[in-house]
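Q: Below you will find the structure I want to go over with you.
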């Protein structure tokens, strides 16, 4: 990608400059990344191979797990490798590609979480119309819309940043390339660009968060009139989703809907939505969901039986 920059590469500070901390972090985050890939991949395989997990909720869950793998893979491998080297450099093109990936998969995940909330609202508040409102065709269109929305958002953020002139310094106080750190390194006044970036991210985050809040308010109102058995099952399913939403939306909202500030604080918060939440999602959804646990047991038992048969 060509622009008026004299900077050809950037130097990432990473999470810590302490050598001992970096060695410990290497082992810890490598373990986290293995859990992210293995846990989310297990959910994708379980949902796609099970005939019982064919409802829209599991359709969205499988894509959420796939996006989590992609989202973490944009930043985690580079961060883990950088723990072992002294010069944590990334090329200009690589930096812009990482920026695009972070916002593409992050925004897509926001849309998927919003669709999952709408799915729960439809299932609990409009049960008689659920099968006609949430058909496989409708779910597929919603999913395509999420990917397209994530692509458009990421393209805007990337274009606004990539055509800025970077003349030096080239040191980024972060473990991956993001909009705010790059805006601080540009050679020109980025106030207007910063406002557009915050408005773009804020509009998506706040509108989706508003839909989520309205959905769950209506769900809670509707559950008041239901029997205790059905209420407990619905609350259990919604509780998992609300937990994921809080873990993901909280840090994202704090980082992206306010102007650039303390980058050292931002990078610590970024660990939550790029590493911690994708790692916890499989645990949150499986530990509270008997159907998923049952499907996983059947999948594992079939695998063991087939191996014995061989």
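We number each residue from 1, going along the chain as drawn.
Any Cβ shown, glycine's included, is placed from N, Cα and C.
Residues annotated as transmembrane segment in TrEMBL: 24-45, 57-76, 96-118, 138-156, 203-223, 235-257, 269-287. Taken from TrEMBL, the feature domain 'G-protein coupled receptors family 1 profile' applies to 39-285.
Describe each of these features in terms of where it is and what it packs against.
A: Within the same chain, residues 15-16, 61-62, 65-66, 68-69, 72-73, 76-77, 79-80, 83-84, 275-276, 278-279, 281-283, 285-286, 292, 296, 299 sit at least 6 positions outside the transmembrane segment (24-45) and bring their C-beta atoms closer than 8 Å to a C-beta of that stretch.
For the domain 'G-protein coupled receptors family 1 profile' (39-285), the model's pLDDT averages out at 88.
Counting residues 6+ beyond its ends, the transmembrane segment (57-76) has Cβ neighbours under 8 Å at 29, 32-33, 36-37, 39-41, 43-44, 47-48, 98, 101-102, 105-106, 108-109, 112-113, 115-116, 119-120, 123, 136, 139, 143, 146, 175-176, 237, 274-275, 277-279, 281-282, 285, 291-292 in the same chain.
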Q: Do any residues of this chain, six or more beyond the ends of the transmembrane segment (269-287), have a C-beta under 8 angstroms from a C-beta of it, and if so which?
A: 15, 29, 32-33, 35-36, 39-40, 42-43, 61, 64-65, 68-69, 71-72, 74-76, 102, 106, 174-176, 178, 240, 243-244, 247-248, 250-252, 254-255, 293, 296
